[in-house]
Every structure is written in structure tokens, then in C-alpha cells.
Amino acid sequence: MPRVYIGRLSYNVREKDIQRFFSGYGRLLEVDLKNGYGFVEFEDSRDADDAVYELNGKELCGERVIVEHARGPRRDRDGYSYGSRSGGGGYSSRRTSGRDKYGPPVRTEYRLIVENLSSRCSWQDLKDFMRQAGEVTYADAHKERTNEGVIEFRSYSDMKRALDKLDGTEINGRNIRLIEDKPRTSHRRSYSGSRSRSRSRRRSRSRSRRSSRSRSRSISKSRSRSRSRSKGRSRSRSKGRKSRSKSKSKPKSDRGSHSHSRSRSKDEYEKSRSRSRSRSPKENGKGDIKSKSRSRSQSRSNSPLPVPPSKARSVSPPPKRATSRSRSRSRSKSRSRSRSSSRD
């Protein structure tokens with residue numbers, strides 16, 4: 001017997017309301033109400049066709065209902081399904097009948113784009129309308145673009161059937177256009193692939209950046225350590241060099257001072273000798289007094305300049321000998337002169 005599906009029913013609808021709604025379209029054999037939908041069995045198939053054609057989109061208890069031909073074998077309220085005309089039958093649970101059809105949405109790859117959709121048509125209307133071609137798992141309307149919807153089917157055959165039979169049909173006064181959504185699936189796949197690649201690239205970049213940072217830090221630390229070591233070595237070397245140069249320069253200065261003092265003492269000694277020899281013993285007493293004073297003044301003037309204590313010690317012995325010798329000679333000369341004057 002022909003059966004008709006009624007969708008988007010109000011939860012307050014009763015069986016009497018359904019009978020009134022279908023009155024005038026033949027005799028009703030059975031009315032089966034579910035949560036939000038139901039089934040009506042007609043006695044004549046022509047009455048069922050007329051009801052589907054004229055009552056689809058009409059209001060019932062404040063809700064715009066969908067009326068369409070039911071698909072699949074009939075199932076009773078206990079879950080038993082009766083076979084078709086060829087016979088046969090079996091048991092099917094309610095999960096596979098009602099809850100599977102009208103359960104939570106499931107995304108699949110068998111997707112159709114619905115264009116030229118009426119603004120009055122909601123996603124529930126679109127889903128209920130597309131059920132006549134096959135099992136609809138997901139429906140959406142006016143989400144991404146206005147007057148455009150999305151329908152996803154359980155299998156490829158259901159999608160192909162909807163594309164062949166329902167393309168160009170009228171929903172709420174508009175002829176819809178169905179387009180198979182092939183590029184979007186590939187685009188989404190490539191997008192997910194690019195996402196995973198970009199994430200892996202970001203992770204690898206962050207790891208490489210972290211490794212480069214740690215390497216640069218370790219290199220900078222090793223450089224700073226090597227610099228500090230080189231600085232310490234250079235400082236120790238410079239200190240050693242300074243101490244060596246000081247120790248070397250001190251003996252040089254001492255040697256130079258010794259040599260200078262020796263040369264000065266020798267020169268002064270020779271000068272005093274030559275001056276004392278150049279004076280003649282035949283001069284008068286005045287000349288002797290002058291020569292004594294000159295020799296003393298010259299010896300005093302020729303005596304070395306005041307020198308630091310280290311230099312004075314090294315220079316002092318030779319000039320004392322020279323002055324003592326010159327004084328002794330001058331005294332001997334003065335004695336000899338005084339003797340000669342007394343004899344005269």
C-alpha cells in the first residue's frame with residue numbers, strides 16, 4: 001500500500017489533526033506518529049500522489065510540513081518490517097529505522113550544493129525534501145551564502161539519484177539547482193594537508209630556532225670563556241713581561257751608573273794629575289798660595305756633583321785618593337819652597 005512521509009510536524013500534533021489535514025484525499029488506512037514526523041498509509045496510490053503534490057509546504061498546527069512519498073519497506077511500531085510484494089521479511093531494530101535517519105548529523109563526502117534556494121526554506125525543509133532520493137546525513141541552508149544550501153548523503157548512489165531526479169524541482173516556489181561538490185572535497189583535503197605540513201614546518205622551524213639559539217648561546221659562552229681565558233693569559237703574560245723588563249732594566253741602569261761613575265772618576269783623576277803636574281815649582285809664594293787655592297778650588301769643582309746614595313758610594317773612593325795625592329804633593333812642594341826661601 002502507498003505510504004506518505006510527513007516531516008517537520010509539531011510535537012503537539014495528534015492523530016485527529018493528521019486525519020483532518022488529509023481529508024478529501026481518499027481513505028486513510030493508518031496514521032503513524034513519531035517525534036517530529038510521521039507516516040500516513042493511503043488506500044489508493046493516486047490519492048497519495050495528489051496529497052504529496054498539493055499538501056507539501058502547507059501549514060499544520062502552526063508549522064510548515066513536508067509531505068513526500070516514503071522510502072523503504074514498512075515498519076510497525078514494534079520494529080518488525082514487512083517485506084515487499086515479492087515476499088520475504090525480517091526484523092530490524094528501531095535504531096536502524098528512525099534514529100539512524102533522524103539522528104545527529106554525520107559528515108560525508110557525497111555532497112551537493114543547492115542553489116536558488118528560497119529564503120523561506122530552512123535546513124530542515126531541505127533535508128526532508130531530499131529524503132525522497134536517499135538517506136540524508138547532513139543539511140544546511142543560508143549559512144555561507146544566502147539562497148544556497150548543502151546536502152550530504154550516506155552513499156554515492158543516493159547522491160546520484162538526487163542529482164538526477166531532484167535537479168530543477170520546485171521548493172517553496174523556486175526551482176532549485178543541484179551541483180555536485182567535487183572541488184570542495186579536494187580543496188578541503190589539500191587544505192588539511194597544507195595545515196599539517198605548515199604545522200610540521202612550524203614545529204621544525206621552532207626546533208631549528210631553538211637549536212640555533214642554544215648553539216649560539218653555547219658558542220657565545222665558549223667565546224666569552226675563551227676571551228676571559230685569553231685575557232687572563234694576556235694579563236699574566238703582560239705582568240710577567242713587565243716584571244722581566246723591570247728586572248732587566250734595573251741591572252742595566254746599575255751597570256750604566258757603574259760605568260759612568262768609573263769613567264768620570266778616571267777622567268777626573270787624569271785631569272787632576274795633569275793640572276797638578278802642569279804647575280811649575282819655581283813660582284813665588286803668592287803664586288804658590290794661588291796655585292794651592294786654584295788646585296783646591298779646581299779639585300773641589302772637579303769633584304763629582306752630588307749623586308744619589310747608590311752612585312755616591314760607587315764614585316767616592318777614587319776622587320778621595322786623587323785629592324789626597326794632590327794635597328800631599330802641594331804640601332811637599334810648599335815645604336820645599338819654604339825651605340828654599342829660608343836658605344836664601
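Even glycines carry a Cβ here, placed using N, Cα and C.
Listed in Swiss-Prot:
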DOMAIN    1-72  domain 'RRM 1'
MOD_RES   Ser45  phosphoserine
REGION    75-103  region 'Disordered'
MOD_RES   Ser81  phosphoserine
MOD_RES   Ser84  phosphoserine
DOMAIN    110-183  domain 'RRM 2'
MOD_RES   Lys165  N6-acetyllysine
REGION    176-344  region 'Disordered'
CROSSLNK  Lys182  SUMO2 cross-link
COMPBIAS  185-250  compositional bias 'Basic residues'
COMPBIAS  264-273  compositional bias 'Basic and acidic residues'
COMPBIAS  280-291  compositional bias 'Basic and acidic residues'
MOD_RES   Ser297  phosphoserine
MOD_RES   Ser299  phosphoserine
MOD_RES   Ser303  phosphoserine
MOD_RES   Ser314  phosphoserine
MOD_RES   Ser316  phosphoserine
COMPBIAS  322-344  compositional bias 'Basic residues'
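Feature annotations (Swiss-Prot) mapped to structure.
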residue : record           : Cβ within 10 Å
Ser45   : phosphoserine    : 13
Lys165  : N6-acetyllysine  : 13
Lys182  : SUMO2 cross-link : 10
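It is 38 Å from the Cα atom of Lys182 (SUMO2 cross-link) to that of Ser45 (phosphoserine). Ser45 (phosphoserine) falls within a helix when secondary structure is assigned with DSSP.
Comparing Ser45 (phosphoserine) with the residue listed as 'N6-acetyllysine', their Cα atoms are 20 Å apart once rounded.
In the three-state DSSP scheme, Lys182 (SUMO2 cross-link) is classed as helix.
The predicted model assigns the domain 'RRM 1' (1-72) a mean pLDDT of 89.
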